[in-house]
Amino acid sequence: MKSRSHTQTEAPTSSSELSTAENELLAAEASSTATGDEAENGTESTAKDEAAGDLKRNAIAGVLFALCATIIWSGNFIVARGLSDVVPPATLAFLRWVTAFTVLLPLGWKSLLRERAVVKRHWKHLAFTALLGITIFNTLIYAAGRSTTALNMSLIAITSPLFIMLLARIFLGEKVSRSRAVGVSVVVCGVVMLVTRGDFARLAGLEFSIGDVWMLCAAMLFGAYTILVRRMPERIEQAAFLLFTFGVGALMLVPGVAWEWAQGLRFEFTPSLFGVMLYVGVGASLISFWCWNKAVGLIGPSQAGIVYYSLPLFSGAEAVILLGEPVSWVHFVSGILILGGIRMATRG
């Protein structure tokens, strides 16, 4: 009896110990699983934070690249107006792109060789991009400078972002957020205030000419060029892209140059003209187009286009510095509206 009783007493004790061991094992597994989940969640959280950080850095870099391009381009209207009676438009555009191509060639020919397979596959897309953004766009700006005012050119030039936004909506499916729409509206108000010097009645007194038509066409073509850059079917190095489009764009200008010379439209090459060619060839072409294309790749055409609205602001600043034009309250107010609107729109 004692033995049986002892056996019966020990049985539940062994079962209890087994249960405790199982519980400890399950607890250890649960703890291990929880630790693994926490580690996995921590990794995912870190990855998300890094992605958000990269996105923010890209956005800032994209805006800065677009600003750099816009600042350099702002002086191109002064050149277009100042040389309108000196160098024929197609010839001026040709000299500009030949200069840009020549400067880039020593740096970019290896890149073009590396990307020759991509160029061969997509040469039609690249050639069409060169036709719109290199050959025709800039020639129209120089043609507009021969028959319209700088005020009209500035006012019409800022329609480019509207065309960019419209084309991006149609071909890229980009949506316009509420903050972006409000920001664009604020920017437009600032630009109109700037070009009218605060007297909105001047808009009714503007006289339009064939040059304004050329400028409007140029604005549309710049929008199309920006979308084509974004829709490049395959990734290509910037140096190869620019070298190819600069070269092909310049070649397409040869018939226009020949026609101008046949019409007796010649010019005299001077040291001052050489300096202007360096500016439009290196600054307004090579550097600015590289920055613009980089911006489009980082933040998209619509947001890059919003930054382009600041062009009249920088044109005005250059006029004050280079030409000694007076500064008024209008410049400060319009500048605040333009920069504030750009910040609002690019954050949306």
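Glycine is treated like the rest: Cβ placed from N, Cα and C.
Residues annotated as compositional bias 'Polar residues' in TrEMBL: 1-12. Taken from TrEMBL, the feature region 'Disordered' covers 1-50. According to TrEMBL, the feature compositional bias 'Low complexity' maps to 13-35. Per TrEMBL, transmembrane segment is recorded for 59-80, 92-113, 125-144, 150-172, 179-196, 208-228, 240-261, 273-292, 304-323, 329-346. What TrEMBL records for 61-195, 210-345 is domain 'EamA'.
Non-local neighbours of the transmembrane segment (329-346) in the same chain are 59, 63, 179-180, 182-191, 193-194, 197-198, 299, 303, 306-307, 309-310, 313, 316, 320; each lies 6+ residues outside the stretch with a CB under 8 Å from one of its CB atoms. Looking at 59-80, 92-113, 208-228, 240-261, 273-292, the range that has the most CB pairs within less than 8 A of the transmembrane segment (125-144) turns out to be 208-228. Residue counts for the domain 'EamA' (61-195) by DSSP state, with H, G and I taken as helix and E and B as strand, are 114 helix, 0 strand, 21 coil. The stretch with the most CB contacts under 8 Å to the transmembrane segment (208-228), chosen from 150-172, 179-196, 273-292, is 150-172. Contact between the transmembrane segment (150-172) and the transmembrane segment (179-196) is present: at least three CB pairs lie under 8 Å, with pairs separated by 6 or more positions in sequence. Shown for the domain 'EamA' (210-345): DSSP residue counts in helix, strand and coil, namely 113 helix, 0 strand, 23 coil. For the transmembrane segment (59-80), the list of distant contacts is 141-142, 144-145, 150, 153-154, 157, 276, 279-280, 283-284, 287-289, 291-292, 294-295, 297-299, 303-304, 307-308, 310-312, 314-315, 318-319, 322, 342, 346: same-chain residues at least six beyond its ends, Cβ to Cβ under 8 Å.
Just going by CB pairs under 8 A, the stretch in 92-113, 179-196, 240-261, 304-323 that sits most against the transmembrane segment (273-292) is 92-113.
The average pLDDT computed for the domain 'EamA' (61-195) is 87.
Tertiary proximity for the transmembrane segment (240-261) is limited to same-chain residues at least six positions away from its ends with a CB under 8 Å from its CB atoms, namely 88-91, 93-94, 97-98, 100-101, 104-105, 108-109, 111-112, 114-115, 118-119, 126-127, 129-131, 133-135, 139, 232, 285-286, 289-290, 293.
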